[in-house]
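In what follows, a structure is listed as structure tokens, so that the remarks can point back to it.
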Amino acid sequence: MLGHFNSIIAMAANAAKQTKLPMAATDSPNLTNDENGPKKTTFQSCKATSVATNCAPRTNLPDLKWLGLYYVIYIGAGTLSFLALRNHIRGKKTNDFIDSLYMSVVTMTTVGYGDLVPHDFLSQLVCTGFITVGMFLFGIVVKLAAKYLVFKQQKVLINALHTARKMGPMEALNEIESIEIDYTKCIISLIAMAVHFVIGVFVLVTVEKMDMEDAVYCACTTMTTVGFGDESFSSEFGRMFGVLWIFTGTSCLGQLFLYVAEVYTDIEAKKLVKWVIANNIIDKKDFAAADNLEKGKVHGAADFILYKLKEMRKIKQEDISCAMKDVGVYDRSVFDVIPAQSSEKK
């Protein structure tokens, strides 16, 4: 569990720096792709605008140092508890303190070898409480990971809308299409896991005197937190190494999962941004297509605003009808929603 927390710290600390698109303003209405739009600007120059810096979604990311402190207290309390109950724990033992710390880490990371286990009611009760608290802390870590991914997706969307407003929607769509998803962190994480795996196998073979097949098997079951327990660390030095290796191994695995989820979030955010911008473009041909010149009806920007508001479910037909009755207008437009403006001047 603590391994997954370690990856969240690194990701949340760089949340503002990892955004694939420039910062954005939130007050972007329907976008109009006409010749009189805002002056074209470069995609990268949008990043430097002070307005953009102040318009990202505000999220109160918690101080992760406090969560880290809670985990330190948690593992320390578990170690002292298991040390006090050392005579109530059975299994192959080496050094009392190292065994207690080793049991705490193995339990916290859900590896659960089973080489050290409680064997009476008191030790089982303490172990149950330790596991329960650990699950609650792990739930907090999962919540922070989800919050970070949602925050990043919202940020990308708002950045894209601001970019479209400054550059024009079609130019923004072309720029967004040219952005490539970054898989670098996933590759680096995989390499780190491979190196970590090789180091673990080496120690298991040289220190724990395991065969190569058993060492590979033990390393695999440990890093995936399966921990069958038929192969585990049994020497004093091996358990000292195991405390650090198990923690970093599960951390690498959790970090890889987070990076994969981040890549998937970037892919989906890119699709969402393209959809939002494309569905908010109102070109001149849209106005022309809605007009009915034979009946002398021409639709203006206000008509399209009402239409878009209903399309986005911001208002209902009943609201429009009531408002039209209040001003004495009963005509219906080609949208069957919006009153048309007469093309003849009164």
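Placement of Cβ uses the backbone N, Cα and C atoms for every residue, glycine included.
Per TrEMBL, domain 'Potassium channel' is recorded for 81-149, 194-265. Look at TrEMBL and you will find 67-85, 97-116, 122-146, 186-207, 240-261 tagged as transmembrane segment.
Here the transmembrane segment (122-146) does not lie next to the transmembrane segment (186-207) in space: the count of CB pairs under 8 Å, restricted to residues six or more apart, is fewer than 3. Ranked by number of Cβ pairs under 8 Å to the transmembrane segment (67-85), the listed stretches 97-116, 186-207, 240-261 are led by 97-116. Remote same-chain residues near the transmembrane segment (186-207) are listed as 214-216, 218-220, 222-223, 231, 233, 235, 237-238, 241, 245, 248-249, 252-253, 255-256, 259-260, 263 (criterion: CB distance under 8 Å, separation of at least six residues from the stretch ends). Across the range of the domain 'Potassium channel' (194-265), the DSSP-based residue counts are 55 helix, 0 strand, 17 coil.
With helix defined as DSSP H, G or I and strand as E or B, the domain 'Potassium channel' (81-149) counts 49 helix, 6 strand, 14 coil.
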